[in-house]
Amino acid sequence: AYKYNIHRVRRQVVLIQRIVILILVLLVLGGPYSIFIILEALSIKRAPSYSHRIGFMFISIACASSIITIIYFTRSIRKMIIEFLSIKKKSLQRNELQRLNSIQNMELTPKRMPMSTTDDTCIGIIFSLIFIFIILYNRSLRTIPNILTLNSTAAILIMSSDTLSIGIYVLYRDIKRRELQMEIEMKSLFLCHVRGYIAHMSFGALVYSYVIQACYRLVGTIFYHQFSYNNLKIYMYAICAQWIFSILQLLPIILGNNQIYIKHEYLCQFAIENSKGICYTNFTNYMIPVIIIMIIYYKITRSVGEKENNGTYRYNIHRTRRQVVLTQRILILIAILFVLGGPYTVFIILEALSIAS
């Protein structure tokens, strides 16, 4: 009976589609001509001619046939929609039951963290610590570009350390799988939420640090004559604002009871079913800063093109070209992020939206 209803609904859908196509063909073929005839008849004050009468007759026949067709098929369309929704609801319920049964019956095989991920994370932590130690130890290196690079390195250090912590947690839960399979420790679950929050926060801080570097290049290219913009305190305030914004922007997700935990994977990340959390974090941590950096780079290249047309600013052109080279290096980093994270972000958002719908 279930298969019969499905085929019956599909036949009705095909029938309605063909009727709608016929109505659209009539409207496309006769609509413009009918509108032209009506406007011409309204613009002429004398009695309508023979062609005008034929046009009015065609319009009346088309309108009458459309109204009769709509009235005739209203009940069948309504019945078809109700029947289709009921069958769709039953199908979703059946799929949900099958998914729950598969989750209950499946045997979780222990997973191991890839060694390449561990090695890359440890290398990132070591080099970040070396760079931070060099900048903090040597006072002569505390220039604005180095401080901005130090800011990005600090974000990389936090993100790498948190990634290593998440990997160790996944490995521990896999080893203790049999002992902890039927119970979840609230303390470890809370720490997993904290790790996931720090991971998303540090990634957002990293990308927004690139925004601050691009703004520094923009100031050095366009507003180089205003020395107040080249003050280190301004960029220190910008770095503090960047970290505060990175910390606060994820609070709506945390306060909205969105768990940063994938239960059967023991992974401190958003589950694919959490479409709101995935879309929000990808939009705030990825799309907005990348768009801002693209706009800043476009503004810099446009300013360079305008100054090259003026031969009196040769020194400024040389300075501007150096800033463009530095900005291109930042753009290479953003392009790497875009190439590596763009397809994954689009896939995750579409998958989350499809699951939510």
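Here the Cβ of each residue, glycine as well, is placed from N, Cα and C on the backbone.
Note that TrEMBL annotation is computational and uncurated.
Values in this document were obtained by computation on a predicted structure and should not be read as measured data.
Taking TrEMBL as the reference, the stretch among 121-138, 175-192 described by the feature transmembrane segment is residues 121-138.
Across the domain 'G-protein coupled receptors family 1 profile' (127-357), the model assigns an average pLDDT of 76.
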